[in-house]
Amino acid sequence: MKLLYLFLAILLAIEEPVISGKRHILRCMGNSGICRASCKKNEQPYLYCRNYQSCCLQSYMRISISGKEEDTDWSYEKQWPRLP
């Protein structure tokens, strides 16, 4: 019986449960990017994630440095064609 309690105590002491299958995907840049060790060929690395991996964004993503929408030639309406 003591062995059972010892086993349960060790099992509960484990920080992360063991999960089979896919690993949890760590998102970055407001869920626009994915943290990876190396970016895919259609992605661009931008800054770093908490785990010191690159934050990979799709090549078409635009990042606003000022934090607000600017009315410039790079605005969303002027960048993409309108769909009928």
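Glycine is no exception: its Cβ is also placed from the backbone N, Cα and C atoms.
Taken straight from Swiss-Prot:
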SIGNAL    1-21  signal peptide
DISULFID  CYS28-CYS55  disulfide bond
DISULFID  CYS35-CYS49  disulfide bond
DISULFID  CYS39-CYS56  disulfide bond
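Sequence features, as recorded in Swiss-Prot, placed on the structure.
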| residue | record | CB count, 10 Å |
| --- | --- | --- |
| CYS28 | disulfide bond | 20 |
| CYS35 | disulfide bond | 18 |
| CYS39 | disulfide bond | 19 |
| CYS49 | disulfide bond | 17 |
| CYS55 | disulfide bond | 22 |
| CYS56 | disulfide bond | 23 |
Collapsed DSSP category at CYS49 (disulfide bond):
coil
Hey, of CYS28, CYS39, CYS55, which of those disulfide-bonded residues are within 10 Å of CYS49 (disulfide bond), Cα to Cα?
CYS28, CYS55
Compute the C-alpha separation of CYS28 (disulfide bond) from CYS35 (disulfide bond), stating it in Å without decimals.
6
DSSP-derived class (H/G/I helix, E/B strand, else coil) of CYS39 (disulfide bond):
coil
What's the CA to CA span in angstrom from CYS55 (disulfide bond) over to CYS39 (disulfide bond)?
8
